[in-house]
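Trainee: What follows is a structure written as structure tokens; I'll ask about it next.
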Amino acid sequence: MGVNDLWQILEPVKQHIHLQDLSGKTIAVDLSLWVCEAQTVKKMIGTVKKPHLRNLFFRISYLTQMNVKLVFVMEGEPPMLKADVISKRTQTRYGPSGKSRSQKTGRSHFKSVLRECLEMLECLGMPWVQAAGEAEAMCAYLNASGHVDGCLTNDGDAFLYGAQTVYRNFTMNTKDPHVDCYTISSIKSKLGLDRDALVGLAVLLGCDYLPKGVPGVGKEQALKLLQIFKGQSLLQRFNQWIEDPCYSVPQSAPKKVVHCSVCSHPGSPKDHERNGCILCKSDKYCEPHDYDYLCPCEWHQTDHNRHLSEIENNIKKKACSCEGFPFHEVIQEFLLNKNKMLKPITYQRPDLLLFQRFTVQKMEWPSHYACEKLLVLLTRYDMIERKHGRKTSNQLQPIRIVKPRVRNGVHCLEIEWEKPEHYVVEDGDPGKLSLLTMEEASLFEAAYPDAVAVYQKQLSETKGRKQKSMKNKPKGSHLPEADDVINSQSLMTLKPTSKAFPKQNPKINLENSPDPILAQESTSPSLNSFVSPENAPCLNLQEQLVPSPRTLAIKQSKDVSHFLVSECSQPSSSSHDISVITDLQLSTIDWAGTSFSNSPAVQRNTFSQDLASESESSAILPDFEQLSYESEQGTSDSEGSGRDLQQSNPEEQLLSGISALHLHDLPLKERIRIKSSCPQYNVGADAGLESLPLKLKGSCIAYSSSDGSSNFSKDLTGVYLHKESRNSKVLDSRLQENCGANTSLPYSFSDKAVKTSSLQVGLPTAAIPHNPRVAVKTTKNLVMKNSVCLERDSSDEDNAPGSWKSKYTAPEMKHSSQKHSLVHVRDSTHNKLRNPKVESKETKLCNESFKTAEDEENGFSDLGRSPQSFRPCHDKDENSTASWENPLPLRQRLKLRFQNTQSGFYNT
């Protein structure tokens, strides 16, 4: 128990110490303290056999792994002064005994418990010492003599016995394992209390040998008494009280004078304001002081001494009235040393076999569990011995270092050990020969340097192999450097195709196609180079000006791609255009070939026909223009040879393949229309197309292509072939006349080619209004491009506005006029070759048409549904630019330009 209220008095000097801070220190442990703490834990009572033994073992194991050396102190015979206290404690723990016995100081039951603890300490090799009397007295002796660095006890009597450092409130909490530390040096410096003062407090306040102390004297009065003596020995003062029991008579106090309320010195504030203060050494006014300031005047000094004497007289009166005061026996118990060292403190190696037997008998632990728990103490003891150079044959030998570990911020190593002698393994795993423990890295390296050297060598070799494997490992995700990309691009060339139109029978594409949509999509893309309505004149002009068509094709493709990007980046662009371009599936098209026989089927597009045609024309035509250049270079070595073109004319090949089809292969709509258009031929369901006239063959092709969800004619928006077959001759003549007046055709056609087909040249994709009679088309065997536009029903002709029908009616013309028009076109081409200025101007206008293509598409996307009237332009100054920048459709602009040319010719 110690001195009453001692720990409250020493509270200002308490220090919170982590258990790791005790590493390397030797601590004397009061064994009885740990036993009493284990017996008071209610959770262990009834669940754990011998809780004091279990508590003792795990505390030893925990502190030993922290490199804390322990020396246990065994209780001796208590002094007779403690008999009363011991009897009261026994009654409190075990209840009253029924018989009246003389007071004894024996601890028979407690000593039996302590003997069990000593047996365990023998098994673990822990040193212990026997105290002559109290255990804390022996701990203090060991600490004062330098055998240990501190005392681990909760009794404050250790300071009275001469201890220098005391640790109390030992806690193994995982969150904060700590102890409270008190040192005699801090107590003396901060509180002014030495060993004599602490013994005097034990007499006044009470202790184990004097439980009540001096009645009526408490902690506050005792501390005030110590302040009165100002460093004088309290024990000597006790002796003076006994020698002079008479109380000191207080001196007569002088008369109190007036004191200043500012400086607390004699005199009034007004006097100090006028004449100043002598004690403050000021001429006027005075210096203020705090509340605790004591005035040095005679009256205050006399009053203070009188007050202190009253406190001392009060305690002296109570102490002298107490029988046996000043209790010299108690003072001698604390001051006189009875303990001595009988043998040196030594640590022994834990005995594995003895510990197994002890735990099985006392604690009922299985042998394998006891061996597992004792292994850490065995390994640590052997490492410490080897560190100091004491090597024996029975020490544990490590097999290998498994891996490095960290425990409580300390670098450790996981070690695999050989199985020691008498080590028992669990029955379920008899083949386990190696054991694993975690040891401090520095200690293991000092004990087994060879094993650490081998481990480090293995680590370096493993690291070297990893570095070599990393160097030799190919980098799969390595990106090419900029120089490699530039070199690879420099080796790339745009090679022309060897054949523009391989001699393949398009009949296969139509016959093998399971549905008419696929058959329509399988037409050769190279035909589009002849029927591109926008770019044919421009391509021809640029081909004549630039000698290398491949270089020009590359430049033109870049310009068109830039135009497409800028067009797609406009905020007003509809999401329908994006979906239409996505449906094209351009990545699956074999652009190098001449047949789209393997092109996948394209889903029907449910968006607006005009919007789809605009997006398709802007996205596909530039690629087809480049293909036209490549096909032109591959098929003709000399410019202007029309023979090869006629031989590889895809329209004739397509007609030759379609002629083998039967009428029942066509949709019902076309069959009804053919029968109604040619009643004189008496067309049957199984009749072939060979018997039909050439005009009907072309219309059949146009109708079959327009009914598909992805037909060729919808790629050239404004060319609606399934409605304009009746105006074919008039249209062809007008187109040929317009082309002859404005542009030069890239190829020359023979009469035979003119009879079978007519080309559309110079018509914009989205600029022609949806007129069933005047809309531009080819009436004869015309092959159209792939498209994802919606199909156009033939019934739209009946739904067309009546004003359009009456406004754009024109008489039909014969084929002779078509021949004359083509001859006129050849002449105009020859004239333009001689006049490069005109061609360059036309080329410039052609390039400008690319820039205004988006505006034309946005402005005339709905012309097929809401026709508009256009204002013709007859000014001569605007002939060159107005025809290209004018928002009118290209057909109207060509017509106006043709009229202006004729009017100018007549005027001249």
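Including glycine, each Cβ sits where the backbone N, Cα and C put it.
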Trainee: Among D208, D244, D271, D283, which is the one Swiss-Prot gives for the Mg(2+) 2 site where D155, D157 also bind?
Mentor: D208
Trainee: Can you check which of S613, S631, S728, S794 Swiss-Prot annotates as phosphoserine?
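Mentor: Residue annotated phosphoserine in Swiss-Prot: S794.
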Trainee: Swiss-Prot has D30, E134, E136 down as binding Mg(2+) 1; which of E11, E75, E116 does it also list for that site?
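Mentor: The record-listed residue among the candidates is E75.
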Trainee: Annotation phosphoserine per Swiss-Prot: which of the candidates S460, S575, S795 has it?
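Mentor: Of S460, S575, S795, Swiss-Prot lists S795 as: phosphoserine.
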Trainee: Counting Cβ neighbours within 10 Å across all chains shown, tell me which of the binding-site residues E75, E136 comes out on top.
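Mentor: When each Cβ's neighbours within 10 Å are tallied, E136 tops the list.
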Trainee: Relative to the Cβ of D30 (Mg(2+) 1 binding site), which residues of the same chain, six or more apart in sequence, are found under 8 Å away?
Mentor: V73, A135, E136, C139, C151, L152, T153, N154, D155
Trainee: Name them in sequence order: residues not among D30, E75, E134, E136 whose Cβ is within 8 Å of the mean position of the Cβ atoms defining the Mg(2+) 1 site.
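Mentor: Here the non-site neighbours turn out to be S32, L33, V73, A131, A135, A137, M138, C139, T153, D155.
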Trainee: State the mean pLDDT for the region 'XPG-I domain' (122-208).
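Mentor: Residues in the region 'XPG-I domain' (122-208) carry a mean pLDDT of 93 in this prediction.
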Trainee: Do you know the DSSP helix, strand and coil residue counts for the region 'XPG-N domain' (2-96)?
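Mentor: So the counts come to 53 helix, 15 strand, 27 coil.
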